[in-house]
Amino acid sequence: MWAASCLASCCAACACEACRSVAGSISRRSARIAYCGLFALSLVVSWGLREVAAPLMESLPWINHFHKTPDREWFQTDAVLRVSLGNFVFFTILAVIMIGIKNQKDPRDQLHHGGWMAKIVCWFIVVFLMFFVPNGIVSFYETISKFGSGLFLLVQVVLLLDFVHAWNENWVSKDEQFWYMALLIVSVVCYLATFSFTGVLFHWFTPSGHDCGLNTFFIVLTLILVFVFATVALHPKVNGSLLPASIISLYCTYLCYSGLSSEPRDYECNGLHNHSKVVSTGSLTLGLLTTVLSVVYSAVRAGSSTSLISPSTSPRAGSEKPLLPFDKLDEQEDKKTDEAKPVSYSYTFFHLIFSLASMYSAMLLTGWSTSVGESGKLIDVGWPSVWVRIVTGWATAALFIWSLVAPLIFPDREF
């Protein structure tokens, strides 16, 4: 027993020392990625507690205060929401603290980039305290998370538009036949995947013998938008490209599938009810992957001119210089001018992205179709998830078309 206690103490001491070393090695340049790592850690904790925390939570009287103990799934959902709530509170507090920072002489700039050991400890404390809040607060957070998730999906759309346009410009700028052929091949593959996916949607969500007019409307409208994207992109006055149009087409089709697959399991037009477990696992994995990629991309692109969170006063506005320069000369130049430089992006909006991503990840891990209430019952609310994702697809279409035609409407403005 004494040896085991000593071993445990040594392991704990080593873990603390490792955390201190990692936190101390985080530089100004790697702070953005460190925030992504902290967010990824929250996903791991949420996923882990969802699997193992239910028995412990059943024994907590301020959580399990019902006359009849709820099902295991209720406690799994509650655990995920409480971790998400802690993550949301942590990043929202940081967002509020960072309001109004203009230059790197502001003391809060050091808080944003440094103090990582203290921030990690604070994050753990905040998440831990969320397991002591009343169920009513968790239920309210679960409700507003649906709307926050919709906002995050819109941010995800803007990041995707930024990515596809940057990808297209990068390959076109090479002005070589090989890259033009690569653009064509990727575009054709995306369109083949889009049309194949559309056929699968018709097969799964418009079964014969049932009146599935709403599902048919969603799928047909998405298909019409696919043709509209290509038509607008190839218009002589627009001078666009098929690559962004094909990728956005595939993404809108995926959002249509994501929305239709969220329909209630007992809905007669949802043909996935017989494969719900496999589909839900695949959708969850893909959703979490796109969430992490969106958060990481938002950090990496924060300093570019096309980024959503880069203010107009940023020294990098109008420049394609990446957020994380790997050129040593660039790093040395930045160090020389560090004291007089304005901030390169909005710290507040940067943290708000993580706050919204926390809400969205909670919805993914809880399947959107459950609600934690004071009754201790899981309530089927699949239709809000359907409309959030379908409307996000329409917003994606509108934003993409606007990004193509806006330069024609406002030729004197830069987009």
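If you go along the chain as it appears here, the first residue is 1 and each next one adds 1.
Positions of Cβ are set from backbone N, Cα and C atoms, glycine also.
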**Matching range for TrEMBL feature annotation, transmembrane segment, among 28-48, 49-69, 280-300** = 280-300
**Two-stretch contact, the transmembrane segment (79-99) and the transmembrane segment (217-235), at least three Cβ pairs under 8 Å** = no
**Prompt:** Is the transmembrane segment (386-410) in contact with the transmembrane segment (217-235), using three or more Cβ pairs under 8 angstroms as the rule and ignoring pairs under 6 apart in sequence?
**Reply:** yes
**Prompt:** Under an 8 Å Cβ to Cβ limit, what residues of the same chain, 6 or more beyond the ends of the transmembrane segment (386-410), are close to it?
**Reply:** 146, 149-150, 153-154, 157-158, 160-161, 165, 218, 222, 225, 228-229, 232-233, 237-238, 240, 244-245, 248, 251-252, 255-256, 258-260, 262-263
